[in-house]
Amino acid sequence: MKRDLHQFQGPPDTRFPNHGTANTGSSSKDKMMMVKEEEDGGNMDELLAVLGYKVRSSEMAEVALKLEQLETMMGNVQEDGLSNLATDTVHYNPSELYSWLDNMLTEFNPPPPEINNSFLAGAGGSDYDLKAIPGNAIYARSDQFAIDSSSSSNQAGDNSQSTKRLKSCSSPDSLVTGTTVTTTTTESTRSVGLAAESTRSMVLVDSQENGVRLVHALMACAEAIQNNDLSIAEALVKQIGFLAVSQAGAMRKVATYFAEALARRIYRLSPPQTQIDHSLSDTLQMHFYETCPYLKFAHFTANQAILEAFEGKKRVHVIDFSMNQGLQWPALMQALALREGGPPVFRLTGIGPPAADNSDHLHEVGCKLAQLAEAIHVEFEYRGFVANSLADLDASMLELRPSEIEAVAVNSVFELHKLLGRTGGIEKVLGVVKQIKPVIFTVVEQESSHNGPVFLDRFTESLHYYSTLFDSLEGVPSSQDKVMSEVYLGKQICNLVACEGPDRVERHETLSQWANRFGSSGFAPAHLGSNAFKQASMLLALFNGGEGYRVEENNGCLMLGWHTRPLITTSAWKLSAAH
């Protein structure tokens, strides 16, 4: 195939006398011979040299890589106003292609501005572009964490490594991958991606190194926000988005949601807290219910405790603090219908937020449950209450009947933590529950500490927690339910990271913290039986064969986790003898 050399013409080069002139009489063979003579000293690629590009054969792979990097950058910088990299800008073909690519990549990622050395901790000789990270988020200890992508990545000369699963670690140096993590105590600089390779290109080939830099950038951005270094945080959040592109699966999704949340906090763009948002969350929760076992586990274990507490009762009443779409109650109604001696009269009071369109959605849920009750021959009473907050409830509103006539159970799934941002809110609700005098009070909450006073600690804990949750979703086949479930979790991340004060409602606490709250309010634990444990384990077998999920009994409570990390906890409570 012949080409007209005019279209490939570059700047004149004294090493090639005929280059840069329109000498149609010279043949390609002559040029190839001239290149061959020069190659004896420079080992230049023949075909590219004919076209006027000087590239050593040994540099071909690097040049190809840099071209890929430049192409990626050119697609990303349009909106940043870097006209010299815009796709519609003309660049004359350079002769020194390798150097030209280096210069272009350097322009895209210029050296960071001078900063106070007090931000650095043990920077050493590294020229890594993220050396402006404040505090110890990057340069902390020598025993840094490195992502264990495969055992083949370990060099033969490396020291032995110990493998462990992610738990409720709050150290800012731990890296969340959603999978197994390896602790490395040697060559820590290389492990955390601070190797002495060129820092100018932010398009990184090695996904493992990218993952390390990504998580450290997330931690550093959170630390900068806590220190009110918003200019550094702004620069880091942009790099987080760029680094996240190189990742796959759960890590990419988690990093993207956390990057959005960090950006909202930096620019003070709080997510909406409106009735429309409540309605959307309700819909998203339905998709989450269909996708994974967490809500099913919550409903099943709570129902089992309620069913046992109602044994032998002729009239029973459930007050549900988390009515939503009423997904929990068909299973309990069917179990009551099959009870030996016949079903009791079942009364249900559902409490939920107002609808965006002022429709009576709680009434609609009640009508559907009434149809089911009629079909299975259960006498059914229902009433719905609309409340902006559970703290607005009063026991007198609930039309309580004497305990000799009607046994009452109170149920709350993922609701009580939302009261912790309102002064006196949780105390008010627990006081109402005490007035109700239920035979059992079932509570399901996220098993994590997201309500501490220090932002960086909350951020670190939430990064671990949601990375594990997203990792557990990776085995689910792709579907609309899965996508919407990820959005459901992403909204929680956004609220937890971007909001403060009463707007921050995702204030999850651990079982021990809740136990202290309930104990000080006059409640004692009601242990869930071994039967609930066995049946919950059987339920999980329906999801991916139960692989990866784990049920654990802890002081009479049941925890569902992914591998060794507990994620949600079901507990049951009753009034202590003193009350």
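Every residue, even glycine, has its Cβ placed from backbone N, Cα and C.
Per Swiss-Prot, the listed range annotated as motif 'VHIID' is 316-320 (candidates: 316-320, 366-370, 391-395). Given the ranges 45-49, 70-74, 130-134, 575-579, the record in Swiss-Prot names 45-49 as motif 'DELLA motif'. Using a Cβ-Cβ cut-off under 8 Å and counting only residues 6 or more beyond its ends in the same chain, the motif 'LXXLL motif' (416-420) has close neighbours at 321, 389-391, 426, 428-429, 443, 445-446, 451, 505-509, 514.
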